[in-house]
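Undergrad: First, the structure itself, so that you have it in front of you.
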Amino acid sequence: MIAFMTIALLVSLFLRNSNRIQKAIEICRECLILLNSTDQNSKDIFIVVFGKVLFILYIKSGIMLKTLGENLKAKEYFERALAIATEIGDRRGEASSYGNLGTVFLSLGQYAKAREYLQKALVIRTEIGDRKGEATDYGNLGTVFMLLGQYNKAQEYLQKALVIRTEIGDREGEATDYGNLGYLFQSLGQYDKAEEYLQRALVIKTETGDRNGKGACYGNLGTVFQSLGQYAKAREYLQKALVIRTEIGDRKGEATDYSNLGIVFKSLGQYDKAQEYLQKALVIRTEIGDRKGEATDYGNLGYLFQSLGQYDKAEEYLQRALVIRTEIGDRKGEATDYGNLGTVFMSLGQYAKAREYLQKALLIRTEIGDRKGEATDYGNLGTVFMSLGQYDKAQEYLQKALVIKTEIGDRNGKATCYGSLGTVFLSLGQYAKAREYLQKALVITTEIGDREGEATDYGNLGNLFQLLGQYDKAEEYLQRALVIKTEIGDRNGKATCYGSLGAVFLSLGQYAKAREYLQKALVIRTEIGDRKGEATDYSNLGIVFMSLGQYDKAQEYLQKALVIKTEIGDRKGKATCYGNLSGVFQLLGQYAKAREYLQKALVIRTEIGDRKGKASCYGNLGTVFQSLGQYDKAKEYLQKALVIRTEIGDKEGKFEILQHYAILYLSQDKKEESRSCLYLCIEKYEELRYFLGANDQFKTSFLEHSGIFPYKLLCSLLCDTGNARDALYVEELGRARGLSDLMVEKYSVGTHISADPQSWFGLENIFKKKNNCSCLYISYFDSDLRLWILKKSGVVHYRRISVEENLVQAGLPKDLRLSQFLYGNFRSLGILPTKDCEDRSLNMVKLQPLSPAQKSSARLRLVEEDEDEDEDEKVISALFLCYKMFIAPVYDLLEEPEVVIVPDRSLYKVPFAALSEKEGAQYLSETHRIRVIPSLTTLKIIQDSPEDYHSNTGALIIGNPKVNWLPPLPSARKEAEMVGRLVGVLPLVGEEATKQAVLERISSVSLIHFAAHGDAERGEIALSPSLVLPTGETLSYHMKITC
């Protein structure tokens, strides 16, 4: 029996060494059965020997199965190994079995169980003094804590592992720990630290000649650079990894590198190449039987097809991934696939299905303790609720995500949450809050070096400024995003930036430029195969052609967009196309067709649960029925829209619907109802304005962009119904609000009028305190000028002037707007810069130098202008016409020697002092002393503020501050010196004109005069730096002026 057992033992060892594991296992098991019938001494000896051999065979089989992704089978073999080790009293083997079972549970996403088994292994290793094994367990436990989102604990355990490895001289293990710490810091968005630790690992792997480990380090560094948006560097390192893996025959590692390179190519917008590399990875994984890796590749391909708008294919591949994950028991991967399928359904507008799948993902993540994944699912669910117009719920879920990301220290994820919350507040019209959150996101992405995220945040801020009508700022931020996207090679992101810039130029009415940028976006989308983006660009180009009145072309492009949206299954996008086409038909007067398309859009919005879109459809149908004269139906649909807007908390949408109501009532000549609606509109606007906080810049642009219409319409309606006095108060509500708010706060006075008519008193009495002074108040709306004259006695006179009639009498086109007339005559009115006028804008740094040809062309144009014989006549006729419209109708009422003029918006550009009735007549400045103010409210606040708040003497003159990055202004210096001589003070000029010097003197003077570079939109003035900087460094200060 002993001889037989010895031969059997030698055979099993031979089979093990020749990798015929299963056969070796069978022999060992049969021998153990035979040993039960032999004597006790032989039995005791051979049970231990065969037990140890069988233990090794089970461990080896388990490791092999785990490598192939067969975790459940591997678990079975490790459990058998554990049973044998326990039976024969092999403590080291017992610890090894617990450790291997821990890594299996880790792969299965059963983190609590993984932690339990690894802790058991650690206890035994510590007791028996197995320091190398102890370090292994600390390292694996660190990985468990990392996956649980407990990053502090993960770092603690990985550091413990590293200390032991260093002490015992285990260089290979040391490199492993550096690599794991690098991955930890990468997860936390600490990319500099991640790179540092991975580079340490790489050095050791290189020194020890571990080519496989070296390849892994290159691959991990590649993913770090990918996270940073450094795609060229990511590609370089992943290619290095791939070369090594291929040379040493590491097919699993080779597949990993192909997969990661595929993701890099996707980020670069090279979708064909991305698909090629991901397919290569999939082929290898399938050949070597790596089922877990196979599922990963199916998932990545699904994500790629989703980006391309190929949603059917995306769903197919993600479902394949899900099947494999479920079969092999990979719960974490299963949750990932449910989450990705949820985002696919979200893109398709199938929000109920999206929510269902994301909830499944969330349930698994919660059960297995994957906090980072849990936060991701909360974030995606927040996006679903946002798409459904359920903003409270969206905010709730995104806040949950933010809390988790903050707790686990995931800075990158935290930035994503801030960005998503910013878009929620954007949708709610809470622009100040939106900006705050988007800025928070930008700070983090900039700090952690996430260039792709930084570009995204710049883009979102650009979109915010566009909504607020701050187009200069929108363009600036979108250009920043474009620069980054171009630098990192992100073609899809580049196309998005071009599209957003096109939308900005569209809002500005610069249709040629809008078309140019949208065409650039379209070219890229078509080249990279992004069908969803392609449809978006066709749609936006359709809107450009619609704005240009090219309705056939608009319809053609919108139909192209509709075809693509239909083909890719994007239902929400399809509804948007129907809505846009409806707008074209409405402009063409084809109201039946407009109604048909809006009904189609409404059906889709209702089916997918898009409440905000549904409200938009109801509102537009209301306007269509109004155009058709079906007023009852119009009111019914507007009411439906109003109910939804109210329920979802869309204050800005509610504001728009109330405006539609006001217009509807006016169409029916129901002036009282219209007036009530307009009062509600103004109340709603004041609410929206409150949400903009203390940002007067936001408030001003929001008023100009969205809020001015109801004020103007109500003013017009009140005037038409004989209530010119109340009309003046309504008009005043929209004037110089930012400045008024600031003054009320600074001077602690409460004289600012509100939307409540009960507060409308006192303005007509402002001039009782002024001797020999009257006020000319001007409003312009709908081709009509409205002029009020306020007298010292408190009497208010009113005149209404037809601009259209005056323009026609002057031989100008009937449909010419007053703003266009003024703009066209700026040069003749001495407003636009001439060849002798300095450019004092802050945009000088953006200007490109003219080529010799351009300079020559410019000189020719100036000569032509100088030689224009009609130029003088044009100046005179423009001045006469302005006098006829603004002054002549009320000249008989301007009996006092001083006139205070309160112009309306673009009318500030009218040179009132230079106006005269006819050639040879006196200029207005020769008969009256003229002052121009922004609003009556600001004047009243100044009058009512305490005496000691203002200086009544002294002057501060600033001229040509020295700013290195701006050209000098010699004429500004002369101007400052001239004004200084007139008022008897020395001006601050050149290097003396610092922000510190200005702030020290500004509060003690009554007159301030600037002759410097500035930005009229942002109220900024460039001043000299206060510090002397080292050579090569530049610094300047901007001082903010509110007006």
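Backbone N, Cα and C define each Cβ position, glycine as well.
Relevant sequence annotations retrieved from TrEMBL are reproduced here:
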- 883-1029: domain 'CHAT' (DOMAIN)
- 95-128: repeat 'TPR' (REPEAT)
- 135-168: repeat 'TPR' (REPEAT)
- 175-208: repeat 'TPR' (REPEAT)
- 215-248: repeat 'TPR' (REPEAT)
- 255-288: repeat 'TPR' (REPEAT)
- 295-328: repeat 'TPR' (REPEAT)
- 335-368: repeat 'TPR' (REPEAT)
- 375-408: repeat 'TPR' (REPEAT)
- 415-448: repeat 'TPR' (REPEAT)
- 495-528: repeat 'TPR' (REPEAT)
- 535-568: repeat 'TPR' (REPEAT)
- 615-648: repeat 'TPR' (REPEAT)
- 1-20: signal peptide (SIGNAL)
Undergrad: Hey, would you say the repeat 'TPR' (135-168) packs against the repeat 'TPR' (335-368), going by three or more CB pairs under 8 A that are 6+ residues apart?
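TA: These two stretches do not touch.
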Undergrad: Check the repeat 'TPR' (615-648) against each of 255-288, 295-328, 335-368, 375-408, 415-448 and return whichever range has the most CB pairs under 8 Å.
TA: 375-408
Undergrad: By DSSP, what is the split of the repeat 'TPR' (175-208) into helix, strand and coil residues?
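TA: So the counts come to 30 helix, 0 strand, 4 coil.
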Undergrad: Against the repeat 'TPR' (335-368), which of these stretches has the most C-beta pairs under 8 Å: 95-128, 175-208, 255-288, 495-528?
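TA: Stretch with maximum Cβ contacts: 95-128.
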Undergrad: Report, as numbers and ranges, which residues of the same chain sit near the repeat 'TPR' (375-408): CB under 8 Å and 6 or more residues beyond its ends.
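TA: Counting only partners 6 or more residues beyond its ends, the repeat 'TPR' (375-408) has Cβ contacts under 8 Å with 149-151, 335, 339, 342-343, 346, 349, 351, 354-355, 358-359, 361-362, 365, 414, 416-418, 420-421, 423-424, 427-428, 572, 609-613, 615, 644, 648-650.
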Undergrad: So which residues does the repeat 'TPR' (95-128) touch in its own chain, when a touch means Cβ under 8 Å and the partner is 6 or more beyond its ends?
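TA: Here the qualifying positions are 59, 62-63, 66, 71-72, 74-75, 78-79, 81-82, 85, 134, 136-138, 140-141, 143-145, 147-148, 292, 329-335, 364, 368-370.
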Undergrad: Report, as numbers and ranges, every residue of the chain located at least six residues beyond the repeat 'TPR' (295-328) whose Cβ falls under 8 Å of a Cβ in that stretch; write 'none' if there are none.
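TA: Contacts with the repeat 'TPR' (295-328): 69-72, 255, 259, 262-263, 266, 271, 274-275, 278-279, 281-282, 285, 334, 336-338, 340-341, 343-344, 347-348, 492, 529-535, 564, 568-570.
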Undergrad: List the helix, strand and coil residue totals of the repeat 'TPR' (95-128) as derived from DSSP.
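TA: Breakdown, helix to coil: 31 helix, 0 strand, 3 coil.
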Undergrad: Give me the mean pLDDT over the repeat 'TPR' (95-128), rounded to a whole number.
TA: 92
Undergrad: For the repeat 'TPR' (415-448), give the DSSP counts of helix residues, strand residues and coil residues.
TA: 30 helix, 0 strand, 4 coil
Undergrad: With DSSP, how much of the repeat 'TPR' (255-288) is helix, how much strand and how much coil, in residues?
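TA: Split by secondary structure, the repeat 'TPR' (255-288) comes out as 31 helix, 0 strand, 3 coil.
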